[in-house]
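Trainee: Sharing a structure, written as structure tokens. Questions coming.
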């Protein structure tokens, strides 16, 4: 859709979970490895920010990278 407006559209992707300190995440070593509330769920450890994809005009690559991302957890209620 954006390519219909401009020929120079680019998109990048970065991801953040939360601050990696109390009171935002549980700092117990086991919970840092897998912060999901249910033990049978597998979540990635919390992180402040990850650069995932440089600016690109490739919409398929953007979709693929977003689709590969796992969930994490925090202490929000």
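Heads up, residue numbers simply count up from 1 along the chain you see.
Placed from the backbone N, Cα and C atoms, the Cβ positions cover glycine too.
As listed in Swiss-Prot for this protein:
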- 36-43: disulfide bond (DISULFID)
- 54: N-linked glycosylation site (CARBOHYD)
Trainee: Give me the non-local Cβ neighbours of residue 36 (disulfide bond): same chain, 6+ apart in sequence, Cβ-Cβ under 8 Å, ordered along the sequence.
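Mentor: Those within reach of residue 36 (disulfide bond), by Cβ under 8 Å and sequence separation of 6 or more, are 42, 43, 71, 73.
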Trainee: Return one of helix, strand or coil for the residue listed as 'N-linked glycosylation site', based on DSSP.
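Mentor: Reduced to three states, the DSSP call for the residue listed as 'N-linked glycosylation site' is strand.
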Trainee: Can you count the other CB atoms that lie within 10 A of the CB of residue 43 (disulfide bond)?
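Mentor: I count 17 other Cβ atoms within 10 Å of it.
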Trainee: Which number gives the other C-beta atoms within 10 angstroms of the C-beta of residue 54 (N-linked glycosylation site), all protein chains shown included?
Mentor: 10
